[in-house]
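Visitor: Before we start, here is the structure in question, set down as structure tokens.
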Amino acid sequence: MTDYKNTLNLPDTGFPMRGDLAKREPGMLERWYEQDLYGIICQARKGKKTFILHDGPPYANGSIHIGHSVNKILKDIIIKSKGLMGYDSPYVPGWDCHGLPIELKVEQLIGKPGEKVSAAEFRTACRRYAAEQVEGQKKDFIRLGVLGDWEHPYLTMNFATEANIIRALGKIIANGHLHKGAKPVHWCIDCRSALAEAEVEYYDRTSPSIDVAFAADDVRAVAAKFGAADFAGQISLIIWTTTPWTLPANRAIAVHPDFDYQLVEVEGQGYILAADLVDSVMARAGITCWTVLGSAKGSALELLRFRHPFMGFDVPAILGQHVTLDAGTGAVHTAPGHGPDDYVIGQQYGLEVANPVGPDGCYLPGTLPALDGLQVFKANDVVINLLCDSGALLHVEKLQHSYPHCWRHKTSIIFRATPQWFVSMDQRGLRKQSLAEIKDVQWIPGWGQARIETMVANRPDWCISRQRTWGVPMALFVHNETEALHPRTIELMESVAQRVEQDGIQAWWDLDPAEILGDDAAHYHKVPDTLDVWFDSGSTHSSIVAVRPEFEGHAPDMYLEGSDQHRGWFMSSLMISTAMHGKAPYRQVLTHGFTVDGQGRKMSKSVGNVVSPQQVMDKLGADILRLWVASTDYTGEMAVSDEILKRSADAYRRIRNTARFLLANLNGFDPARHSVSPEQMVVLDRWAVGRAQAAQAEIVAAYDSYDFHNVVQRMMQFCSVEMGSFYLDIIKDRQYTTKADSIARRSCQTALYHIIEALVRWMAPIMSFTADEIWGFMPGERAQYVFTEEWYDGLFGLDAAQPLNDAYWQILLQVRSETNKVIEQARADKRIGGSLEARVTLYAEPDLAASLRELGDELYFTLLTSNAVVADYADAGDDAVQCEGLKGLKIALAKAEGEKCPRCWHYETDIGQHADHPEICGRCVTNVAGPGEERKFV
């Protein structure tokens, strides 16, 4: 028997079937960095319109986790897709390098500054530790396939950046937004430092809930307000609190001016309570019998005085709109040193901002003998005993409630008034301007706008000073007596910045004030505080983007971080940019959700559900991780597990197999010599290129709107359905059996070439390693890397005006689908083996029949049968199957006549009719020894 294998155009490519990504990707990375791929991209994009995605700096501490991977991959997808859109989109990764977590790590290694090591030695150790952490994280980020200027990242501890952070503060001071005050701020006892809003987390805590009686200083005056001048007993205003330890700092009691208050008598004692809360207070105090003596508005109680239960002084009743009837008594214990609302109202009444608590959370000496030196949370019971002894405790119980905790230590924090520096939200209109700027930013998803608007509207002044060692100094000089800033503050800060630019932040602590103050050094001293680390990262639009040459002075277009950054980096950046320049630092803000396991649970080592990006890359490869990120809707929680990653790996294989089929069938094709013009191409091939054109339009639009999961879905639909289930199946016969250099085959290869040119670009932002691998196997002259290209512009489609247009092929897809159902049933019934053993008759209504006859004797190629006949619908016999999915069509199937051709596998009746080739069919004889068959449609 003659072997006709050498007469077939069998697929052949060096592109492997298996990705082996975990093994192959590291070698590709090595090549990328040896050849300076990022530099090549920058050179290719030079002079194009810019798109700047500014990297929010991760903290330089610890290994990267799956959330870091999501963040960096999303950024990389955007950067690469913007490049394909024709943008110059430089990416400069950064790290946040100052702050408490690094201090704590270094303390564990070498001890606290001022003990075993000097502050200068401690800072040097912090800098060294942060640099080590950056290098470790950098390797993992690079392994993800993220392209950027990894050789020159920005670090907030770079000398020039530290100097620019000081300059940013100088600009804010020049614009009048800084002030100093002894305001209550979030204070962590363990950190011994103020905390930013973004460093506070809320957890449930059980606290003592107490009702306390403040006895009236002038009973007659108070009783008269309620029309009960004859009442002779003691009268007390009852407050409610869950922080008994703050009572030593009480300086007033706030009531609402518009609420009704009642004076009620209980066993000869008079209690003042909000009328709406009398029943609930009496119920929890176990009091069943009382008499209402009179009522008065809260406004009538203003400035009446009441005795502190154990501190030996009296305090006024004051009016406050913040008082509510949600819980308590309607009278609010007011300690201006321990609460923001208390502080604000205290300023209105000129109250003392008392702060009897030290930085360690213990009462200062001289507070009260029973409390001096006691830690505040341990003092609650002592305070309650003091209240019992004075007869002022009406009721006590345990209450579980949400309470602020330190994000680092997970321990309860306190409000504590200390002299701090603040960026004011209102003294120069920063809040109002920020709210206006928010409206000009595109927030993705849209709910982000309302979220940050609420935060800005309600946030207090920003405490930017910290009492830490490892941080950027505030670089301020204040008067020894008045604490006023030096009149040449801006000039002096620039002088300090220049020194820091040369020698780093240590230059500030080494600075002798006389060097720049001259004679004024006798009257001014250096402020020892450092800046909140959120000021470091929040000023990078100025300290980094505005000065890096690759950004060419352009402002950032996009910030992209996790949804927790509305109150973190997005907020601090907005505050600083608006305070400096009167405008937001970004045009778009995109947020992604947190990663959870397959059951929607937060990842936890104790639960054992943590997915390590390093392990995923070592097992499956970075492209699988990248494909998972892209295919997940990032606007909500992002679920990841072994099973979910397995599904991503399956999707990857389908896309890879499509690419491999295209490459294998482009064997021997040179686009410069073999391309067929659209007018000469087989109609089905033009249709396939048109489907790629339609897919590309949707994919590019999805990339542009950052809908990456829709990119993946459309790519999968194109590869699996439009190509894999239809076109690629149909063309195998023509591709393999026609003459190698025939129009029929070259038309098909031309289509495959256009499709792979488009597909590799669609893949590049997401499956970057695989796209680069494909690029290396594609025919024709091309640039070194796909990453320097733009979207493929060589696609074209069918003319909608011609009969065999897209709509026509959609009908044919339906006919093929219905035919496949009949064939599958026949195979199940053992009537045939494969579809080429079948001969089908399509009984169709007149319009459909006319459409099917357009393909002439090429119709059967679309159905993958050996023969297909179109007949009138009315002539269908009982053996014809009515199609459910396509009305007006019945299909009858019979076994194909003739013998199986060993070359094309079709069943034909003309085998043996050619003396030189007696074993093959007439069509194959034409392709082997004759002029070759012609194809017009299929």
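Along the chain as shown, residues are numbered 1 onward.
Glycine is no exception: its Cβ is also placed from the backbone N, Cα and C atoms.
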Visitor: Can you check which of 58-68, 355-365, 410-420, 465-475 Swiss-Prot lists as motif ''HIGH' region'?
Guide: 58-68
Visitor: Motif ''KMSKS' region' per Swiss-Prot: which of the ranges 602-606, 632-636, 737-741 is that?
Guide: 602-606
Visitor: Determine, for the Zn(2+) site, the additional residues of the same chain whose CB lies within 8 Å of the mean position of the CB atoms of C901, C904, C921, C924; present them in sequence order.
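Guide: Sorted by sequence, the hits are T737, P902, R903, W905, H906, E908, I911, I920, G922, R923, V925.
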Visitor: Using the alpha carbons only, what distance in Å do you get between E561 (L-isoleucyl-5'-AMP binding site) and C921 (Zn(2+) binding site) once rounded?
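Guide: The Cα atom of E561 (L-isoleucyl-5'-AMP binding site) is 64 Å away from the Cα atom of C921 (Zn(2+) binding site).
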Visitor: Given the model, what does the mean pLDDT over the motif ''HIGH' region' (58-68) come out as?
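Guide: On average, pLDDT over the motif ''HIGH' region' (58-68) sits at 91.
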Visitor: I'm trying to understand the geometry here, so how far is the Cα atom of C921 (Zn(2+) binding site) from the Cα atom of K605 (ATP binding site), in Å to the nearest whole number?
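Guide: For C921 (Zn(2+) binding site) versus K605 (ATP binding site), the Cα atoms are 67 Å apart.
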Visitor: Check each residue in the chain of C924 (Zn(2+) binding site) that is at least six apart in sequence and keep those whose C-beta is under 8 Å from its C-beta; list them in sequence order.
Guide: Y4, T737, C901, R903, C904, H917
Visitor: Taking the Cβ of K605 (ATP binding site) as the reference point, list residues of the same chain whose Cβ is under 8 angstroms away and which are at least six residues distant in sequence.
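Guide: Expected: none.
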Visitor: 10 Å Cβ neighbour count around C901 (Zn(2+) binding site)?
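Guide: Result for C901 (Zn(2+) binding site): 23 other Cβ atoms within 10 Å.
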Visitor: Could you check the binding-site residues C904, C921 and say which one's CB has the fewest neighbouring CB atoms inside 10 Å?
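Guide: Each of the binding-site residues C904, C921 was scored; lowest Cβ tally within 10 Å is C904.
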